[in-house]
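Step one of this worksheet: look at the structure below.
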Amino acid sequence: MTNISLELDGTLGVLVIGVLVSICLFGILTAQAFSYFRTFTNDCSGLRVFVAFVWTCDLAHTVTVSAGVYIMAVKDFGQTPKLVKPPFEANMSVVFTGIVAALVQSFFARRIWVLSQKIYITSICWFLCILRLVLSVLVAKGAFEMVDWTQYMEDWGGAIIALLVLSACIDFLVFGSLCYYLWRERAHAFKRTAKLLEKIVCWTIQTALLTSMASLTMLIVFITIRNSHAWLGIFMFLPQLFSNSLLASLNLRATVRRHFEDQREIPIALIDQSGCFLNDPNTGQAPSPKLPPMIFAPSDMRRITVI
């Protein structure tokens, strides 16, 4: 009896825990999505449709993974022949995981182009995202055709390792590039803007750690204790980590806007070489010396781009 209990802890037990975490994170995602659609009503329709589609895919993942674990833990419980092959619903969740991860990573890759105006890094990231999605579909295809779990791991173990390694590499490449270009913008910013950029870099690193550490943890667990389902427990809520990082990044713009809403832009023509204010030719008066130190020159309009 004890052996059976230990075996269930390493299989169904971790899957149930993973589903519970997935459901909780989906609740947080839904709250973030509600806040986004209520706050950013002026966003372009394309971005709003994109967010809605990511949320829908996340919903589909949550439903399929919950249904799959329910079938394994309740409906087919005790029927060993059925437990060696995951149900259709559980296999479908792999597809939705690949879609969500590819969409979110591609979105952040686009930000690299917005900040750097260099398309080659973004193109590399997009290519890797497409490759990751293809690998996810292939792994799911193998799961649909699975006859025995042990045989599946022997046949597709290498592809799963490649998928986990690729996911972590994309995260490090995308968020590493974002942090680099944001930090580079800091060198051209005024003091108050520089502090905000430092915060954005910290938030970016924290966001990257969630997804990249999850992928690395799955990889380590998969290699060291492949017979355990512990890595699948993390895989259950991986898309929710991606989706929440996307919505958190979009909702961060509210903080950025509050930072700038009291700032005024002063043309460079009203500042002499020593940094003193000159008289405005239209009013005959100099700008108020009490203005915050946020001065943007037409030749150097370095804005914090958070879309």
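Just so it is clear, glycine is given a Cβ too, placed from its N, Cα and C backbone atoms.
As given in TrEMBL:
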DOMAIN    167-254  domain 'DUF6534'
TRANSMEM  12-37  transmembrane segment
TRANSMEM  49-70  transmembrane segment
TRANSMEM  90-108  transmembrane segment
TRANSMEM  120-140  transmembrane segment
TRANSMEM  160-183  transmembrane segment
TRANSMEM  203-225  transmembrane segment
TRANSMEM  231-250  transmembrane segment
For the transmembrane segment (49-70), name the stretch out of 12-37, 90-108, 231-250 with the most CB-CB pairs under 8 Å. 90-108
Close approaches to the transmembrane segment (160-183) from elsewhere in its chain (Cβ under 8 angstroms; 6 or more beyond its ends): 101, 105, 108-109, 111-112, 115-116, 121, 124-125, 128-129, 131-132, 135-136, 139, 197, 200-201, 204-205, 207-208, 211-212, 215-216, 218-219, 222-223
Which bits of the chain, at least 6 residues beyond where the transmembrane segment (231-250) starts or stops, bring a Cβ under 8 A of a Cβ in it? 14-15, 17-19, 21-22, 25-26, 28-29, 32-33, 35-36, 40, 51, 54-55, 57-58, 61-62, 65, 69, 93, 96-97, 100-101, 104-105, 107-108, 203, 207, 210-211, 214-215, 217-219, 221-222, 306
